[in-house]
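Colleague: Features from Swiss-Prot:
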- 411: heme binding site (BINDING)
- 504-645: domain 'Flavodoxin-like' (DOMAIN)
- 510-514, 589-621: FMN binding site (BINDING)
- 683-914: domain 'FAD-binding FR-type' (DOMAIN)
């Protein structure tokens, strides 16, 4: 390659080659990687080689790699071994090309499965198989010669298959014989490497090898298909592993799923790439530990200090920084995925002098990059874990350590591999001492697609002696895995202020009441850490008055990118605050949101944080973040305050009081029994009267929907589409369960004192029935903190262990996903005794619920109706017969004459009904109870028609399951016959026959079928309204964008995608109200 005219460019070095084959004769087919390294090492940080007619560039310095990792200039390409593996796994995550659609779909579906919470959830399965390995070595005895890579291959393959697919290879129960899948996989990887090193014409002559390759591929895919078929046949499974995500998951962006072939592609990708690299890491780690006895002893001491002799638990893993550094240093010296290949779509210059032509493969050889002496020093080839400890690792230049690849195409399973490796090495160091079977062994490398030690053997001896049976009992013991609580915890009486507690201010911005409930939970926790909440208030209450004498904690959410109603004034004030005007304010922000609203996710919390900084306020803890799509908000708040807030503002020499759960056992909320009192309510709520309550569905319907008609008091008004806030009452069944658990009668009088952060009237008597019905969320899933309190109160060690597991490893599956409440746990463990005040302190305050009003004030200005789905479904927690929605069951149980406490709230933004119905065509799209606001719109249209207004056309697209839940059918038919509206329906679970304007399918299908109607209205200037679930709204939006796109003249939009083109209409002609 000749340098271009630019005088600063130099030619990239290259070795001498032969005609036709170039440098191909230098490559050893048994060791292609290291023969390549040997060839290019003398050529410097960059070189070029030709293999036949193909030009390749290779880099070996961190300085050049740092430029290559810029994804705006260079992207991963699939060549060499990966290209050959496409015959086996096609466009799986590892081998897909950047532009392939299946990669995008699979990546978005699988990212949540490999999140931190999900990986922690897999810990029990990982530990199960690690124990099988340990038992094998214990049973074979200290003279048994261990084939290290073979046993680690068994372990990592079994672990990956069990954790991600619920399939057991049972590799430790088949003697020395590996599962046939392993033989097929090893041959396939080797064949892919050989094919990549040979020209295509030579590969075409290797008929026997090709037939073996085809046979192995067919066997592995058949095994995966069998696993899929078995899972599909298990209709009662509630698994949430990788296979479940592949089978049931839908792309959150497009709504698409994956075919069986694509699922098999990704199953094989994870089984092949995932277990091979991790088994290599474990093998190399054991080699380096044995070759460096002092390092092994230091790692073992760390494991012993953290575990304190108890079995390794998931919470131990984050407390092993030195062992983590051992694994990082192992991957630096021996990256088991030894490189990746990039290219650029256009000519690029790197290092200021090397021209990289467009579309030329650039190989990154990590075994050379990771030994760059300019970064790692003259001892770069030595094994020194200290250089990988956090304080040193964080000082490395960017992109100095890349064993998991780069950027968007980096390894999705990094967290899985890290947890697995940490667990296994920690258990091995805790259980055994080791020695090399051959003391003179020198490291040799075996290459396939990955690298592993070749012929590495060792011996293992139980550290504490005894028999394998003794060791098995030890492994399976139920020793405590958490911090040990004192049997006589110190108890402090609650204080609302003064004394030795310091004040803080808690402010919240929330429309739905979630951040408000979080604020009161935070206030309750504050008393455990030396603080009391002097003020708990909406953000608007702090406009112009942020205190400078105490910490301020702000909890906020975004609503279509805007602040909540009770934060608007504060937000506007903050936007105009002058520089340094808030100097002296000490604050931190916790943001709530949902990732499906990508464009505005966490926007308001981030802006509040930035604006406070700009005005001179000082952040005492980094902003907390909770994503309700994948997180429990109460759990994330608990984590954030425990890890960041309380340590930052603690009053005692910067040390956090960690005995909060112990204190809660004795209860900070003191309860006395006295006389009843009159109900006190939220000041902004008014008393309304139920006029009618009726079912909208037949007894044959799946799920129940209700219509509730409410008489509003004088002076309360609303507009079509506005919301009604409702103060609910807990279902009597749940209240009775609490009374039974604490042996109380419904009319027992209670009086609470001592903790004003718990949102109930203090020093006021009321019946316990009233207290439980009106003030607390009884069905809220328990948080890990709640469960730890129960564990601290438990006297039985086995019960403590079970609860500690529920608070950690199995929390997501057994608590959050099953909606297991604190009450459920107290019923499950009746032997646990906690004070009634403790129970109340742990519960969140009862929240207001928000409903769309389903009527127009033109129909009756003093009446408002609600249309709602009643949540009453089988409980997933054993012992709890039903899971009941709090507000929906309360409303469904009301009868004419019942009183209810409500408040109207204006709808914000562009969801307001058009002001002039004679000029603005309207398109309404709804599913189920999402019809509510549009019934109000239609009533308003009918009223105006009756008063002589010539209505612009309007259409309603409505989806439901069947004719049994076709809401307001006769009413809508009457409106349609009078020309108020055109209605197009979709039944998802009933054949429609010849019914007019009705389709089998979902509301999206009806919209697609009637696209001409939509386009005609759109071209006439229609505004589109959508109301329903997140999934429905997302799919409808994509469809609407495509319909609008195709309706526009091609020369106007040809440079844009449908979604890009549609953005120009989102703030003026498209409005969505989404219920989660």
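Heads up, residue numbers simply count up from 1 along the chain you see.
Just so it is clear, glycine is given a Cβ too, placed from its N, Cα and C backbone atoms.
The model shown is predicted, which means the values in this text are computed figures rather than measured ones.
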Colleague: DSSP on residue 589 (FMN binding site), three-state: which is it?
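Modeller: Reduced to three states, the DSSP call for residue 589 (FMN binding site) is strand.
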Colleague: Can you count the other CB atoms that lie within 10 A of the CB of residue 614 (FMN binding site)?
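Modeller: By my count, 16.
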Colleague: Give me the count of other Cβ atoms within 10 A of the Cβ belonging to residue 609 (FMN binding site).
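Modeller: Summing over all protein chains shown, residue 609 (FMN binding site) has 22 other Cβ atoms within 10 Å.
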Colleague: Just how many other Cβ atoms lie inside 10 Å of the Cβ on residue 411 (heme binding site)?
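Modeller: Total other Cβ atoms inside 10 Å, all chains included: 19.
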Colleague: Could you tell me the C-alpha distance between residue 614 (FMN binding site) and residue 411 (heme binding site) in angstrom, no decimals?
Modeller: 38
Colleague: Identify, among the binding-site residues 510, 604, 619, the residue whose Cβ has the fewest other Cβ atoms within 10 Å in this structure.
Modeller: 619
Colleague: Under 8 Å Cβ to Cβ from residue 589 (FMN binding site), same chain, six or more residues apart: give me those in sequence order, or none if nothing qualifies.
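Modeller: Same-chain residues close to residue 589 (FMN binding site) (Cβ under 8 Å, separated by 6 or more) are 553, 554, 555, 556, 605, 608, 609, 612, 619, 623, 624.
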Colleague: Quick check on the domain 'Flavodoxin-like' (504-645): DSSP residue counts for helix, strand, coil, in that order please.
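Modeller: Counting residues by DSSP class gives 59 helix, 36 strand, 47 coil.
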Colleague: Give me the CA-CA distance between residue 510 (FMN binding site) and the residue listed as 'heme binding site', in Å, as a whole number.
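Modeller: So the alpha carbons of residue 510 (FMN binding site) and the residue listed as 'heme binding site' sit roughly 38 Å from each other.
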Colleague: To the nearest whole angstrom, what is the C-alpha distance linking residue 604 (FMN binding site) and residue 411 (heme binding site)?
Modeller: 32
